[in-house]
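Annotated features in TrEMBL:
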ACT_SITE  HIS88  active site, tele-phosphohistidine intermediate
ACT_SITE  GLU163  active site, proton donor/acceptor
BINDING   ARG87, HIS88, GLY89, GLU90, THR91, PRO92, TRP93, ASN94, ARG138  substrate binding site
COMPBIAS  60-73  compositional bias 'Polar residues'
REGION    50-73  region 'Disordered'
Amino acid sequence: MSTLRTWYTFKLPVRFTATRLISSAHSVSVNNILACAKIPKHFCAESERIQRHSKPGNMAESTESPAVMNGSSASVGPDYCEIIVVRHGETPWNVQGKIQGHLDVELNEVGREQAVSVAERLAKEFKISVIYSSDLKRALETAQTIANRCGGLKVIEDPELRERHLGDLQGLVFREAAKVCPIAYQAFLSGKTDQDIPGGGESLDQLYRRCTSALQRIARKHIGERIVVVTHGGVIRTLYQRACPNKKPEGKVLNTSINIFRLTEKNKWVLKTWGDVSHLNQTGFLKSGFGGDSTSG
């Protein structure tokens, strides 16, 4: 992996608005990865971008945690780091149903609007000390938008926060992958956590070790602080598995969803908030959310 790089961001004029109305785009996202070896109906029949109404994001916690906190202005305790983990905004490949993995795809205009929406919410509701981001463009641009809205915070680029490397499947339209790369496709759907994907792809075990150790490393540097991490769907679902090993994630990991974890220096993880996209009332979002494995549908 490459050396960490630090970015400093400054307030810039806003070139887009978070109130764009979303038409029925009838778009398929790569995030519709399935719960079984066959492509389900909802993937073949294209999913469309929908608008969020008044339903709040999912609130989740581990069995060890206290009651979920609804007030976001609460101070952070001295013995843990609170990490607001955000998935990047929408990309053209999300809409086209193409598998991104480590390929460096930029946000589309909707993704930029989503980034503004989540940034404005975070700036209003939270006091954040620093932002970490995957070094891939779709995450980094989302992070820089958040940093600008939060007073020009520092963005630290970390390649350990990248999406799962999906080998020969990267760049393919998912529903065509079985025909184009049947061996890699079957490896992806195998359900074996130690199964890597031909073409340099990671196994689920490798992904788990990489991203959980990265988040714990980051947390140890910021005990007593609240920070933001911008990353990818497969990483976020893996972080959920670390915090809630006996539960399955509810719903999909949607673009710019907010997921809040608390990590102690002694390696205890607590999940406070899961899948909150209530800031996307006006922007809209794809129904699908990639989770890096065959059960993330």
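Cβ from N, Cα, C; glycine included.
Remember, it's a predicted structure, so these values are computed and weren't measured experimentally.
Where TrEMBL records a feature, it is marked here on the structure.
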{"residue": "HIS88", "record": "active site, tele-phosphohistidine intermediate", "Cβ contacts under 8 Å, 6 or more apart": "LEU107, GLY111, ALA115, SER134, LEU136, ARG138, ALA139, GLU141, THR142, VAL230, THR231, HIS232, ASN255, THR256"}
{"residue": "GLY89", "record": "substrate binding site", "Cβ contacts under 8 Å, 6 or more apart": "LEU107, VAL110, GLY111, ARG112, GLU113, GLN114, ALA115, VAL118, ARG138, GLU141, THR142, ASN255, THR256"}
{"residue": "THR91", "record": "substrate binding site", "Cβ contacts under 8 Å, 6 or more apart": "GLN100, VAL105, GLU106, LEU107, ASN108, GLY111, ARG138"}
Cβ neighbours of ARG87 (substrate binding site) where a neighbour is any other Cβ within 10 Å: 32
Neighbour count check, CB within 10 A, over recorded positions TRP93, ARG138, GLU163; minimum at TRP93
What's the CA to CA span in angstrom from GLU163 (active site, proton donor/acceptor) over to ARG87 (substrate binding site)? 10
